[in-house]
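Single-structure report; data block below.
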Number of protein chains: 4
Amino acid sequence: MKILTTGGTIDKIYFDANSEFQVGDSPLHECLLEANVTFDYSIESVLKKDSLEITEADRQQLRQKVAEATESRILVTHGTDTMVDTAVALAGIAGKTIVLTGAMQPARLRFTDAIFNIGYAVATLQLLGEGVYIAMNGQVFDPANVRKNLAGQRFEPVRPG
Amino acid sequence: MKILTTGGTIDKIYFDANSEFQVGDSPLHECLLEANVTFDYSIESVLKKDSLEITEADRQQLRQKVAEATESRILVTHGTDTMVDTAVALAGIAGKTIVLTGAMQPARLRFTDAIFNIGYAVATLQLLGEGVYIAMNGQVFDPANVRKNLAGQRFEPVRPG
Amino acid sequence: MKILTTGGTIDKIYFDANSEFQVGDSPLHECLLEANVTFDYSIESVLKKDSLEITEADRQQLRQKVAEATESRILVTHGTDTMVDTAVALAGIAGKTIVLTGAMQPARLRFTDAIFNIGYAVATLQLLGEGVYIAMNGQVFDPANVRKNLAGQRFEPVRPG
Amino acid sequence: MKILTTGGTIDKIYFDANSEFQVGDSPLHECLLEANVTFDYSIESVLKKDSLEITEADRQQLRQKVAEATESRILVTHGTDTMVDTAVALAGIAGKTIVLTGAMQPARLRFTDAIFNIGYAVATLQLLGEGVYIAMNGQVFDPANVRKNLAGQRFEPVRPG
């Protein structure tokens, strides 16, 4: 399994020096150590951005990373605001299962959805076939039919089915 | 989704009154609230036991609960020491997908594998077909071919494949 | 004991809606419940600001709150950047022991100095006589001889003694 | 400052191998790193016991450690059940300020009184004069006039004053 991190809330760290939460080194590795997982994985930091700042060029760079990976299963951690856009931009890469996940609260908070989401996304990645999926709020979504409900702090289908 | 809790390390709470960690009320509901999940579920406490104390009668009671459930997908949280025995005892119930998970460290610790495991097990439960599965250490195991490696603090296949 | 909260890092909460950590409701009450304290206290939110945004008028309002309090012992939680300025502005109120504390990491993070600092500041407040003190990094400082070392993430004496 | 650890709830770690919480390596050092304290200290593990198992010989060993310490200020972490007995056994050592603290919930739990208690005890130790004190529940107690209220999970004066 290849894990590509791009920043977003899940990776945010508080920097006292400027009184801001900013994207920092991803907690993915620590999280997987804490969970005592026994599958093989490697982690690569592709971007460190709030997802609102991710550009089309960034998405093409990410797509290239996915296409070039020797692994067939790719987990992408990503900010939630434009996660759907990135998922759409990753469509159609032959031979790859790609799952995007993130969090509404940074992984380093005492209360966070990040750890559950990572566990959920890992299983989704292992079990689903070729394609691109969004794993959030304990559900798997098709990127073509999902939006972030900002007020509700959740992902939901565009057309409930 | 139906969640049946049986105790085990995942549910352990520290009781100062007797200086012991004992099985307490399951943290499953709090964990799912924290994860902001949007699927439907109900939780029922079937047992509150260390899994070494679970008897054959307990397993039959659990099997009956599973068989009688109106839901087709059943998550069972369980102590790790005899999780495999219980999984075997739940085999062959028509129309049910059953996933057992637990933890090496109580969910209420600052560092724990419990939250990741619950996220992982939920996705496994949603995506796999009829059958009984053990979801631990970021892997799905067939109860007929898995054992707990106590020294290694992990589940592993009996016959590596 | 009267506790006046003014915001600062210690009170910061992550708001996904704008991808920012902002000052939220103070965690002081939850923190004291968790610590199972048995002394009497009341908490009042005076300001909800990063301390760089605290104005001279804000400091005069805080000074008035302190002077008018019926309690003789006042704990002030405050952002660290201008904690010293506020401490100086609270000097010379007869009959009051005033302790200021804060944190480099929000109280709601899994790793934080906030909880230790609150415990430390509470004892300082109970044990010292009339005056204004800064309690940070496990030390009590005289506001006339302390500065925040931003690079070192600590308070230190201006003239080491 | 010298810190002597003796075990107790504050030091408890969950061991999956025997499904028990047992006294482990003290979290004191990690706790003080997390709090970013800048005072000098050394930590020594004297005992690793539930306090109900501490013997008179153990108390004499601890008393000797305190008496022989080059530091004048000694923090003792201790189980709560017999903390008062140990405090009484440490009375009358010339030139020493001794503060005992502990916790109702292990320091390694997500919710715990341990971190607040350590912060509180450190300030108490720095500010009080020669003598032996118990620092629990945000209060300083005289060992001659305090008991643990097991049902209430708190320390309280024998004769309210």
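The count begins at 1 with the first shown residue.
Using the three backbone atoms N, Cα and C, a Cβ is placed for every residue, glycine included.
TrEMBL does not curate its annotations; it predicts them automatically.
Features reported for this protein in TrEMBL:
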ACT_SITE  B:T9  active site, O-isoaspartyl threonine intermediate
BINDING   B:S51, B:T80, B:D81  substrate binding site
DOMAIN    B:2-150  domain 'L-asparaginase N-terminal'
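Helix, strand and coil counts under DSSP for the domain 'L-asparaginase N-terminal' (B:2-150) come to 53 helix, 46 strand, 50 coil. Local packing around the Cβ, expressed as the count of other Cβ atoms within 10 angstroms, is greatest for B:T9 among the recorded positions B:T9, B:T80. Other Cβ atoms within 10 Å of the Cβ of B:D81 (substrate binding site) number 20 in total over all chains. In the predicted model, the domain 'L-asparaginase N-terminal' (B:2-150) shows an average pLDDT of 96.
Taking the Cα atom of each, B:D81 (substrate binding site) and B:T9 (active site, O-isoaspartyl threonine intermediate) are about 10 angstrom apart. Across the structure, B:S51 (substrate binding site) and B:T9 (active site, O-isoaspartyl threonine intermediate) are spaced 9 Å apart at their Cα atoms. B:T80 (substrate binding site) sits 8 Å from the residue listed as 'active site, O-isoaspartyl threonine intermediate', taking the C-alpha atoms as the reference points. Taking the Cβ of B:S51 (substrate binding site) as centre and 10 Å as the limit, one finds 24 other Cβ atoms among all the protein chains shown.
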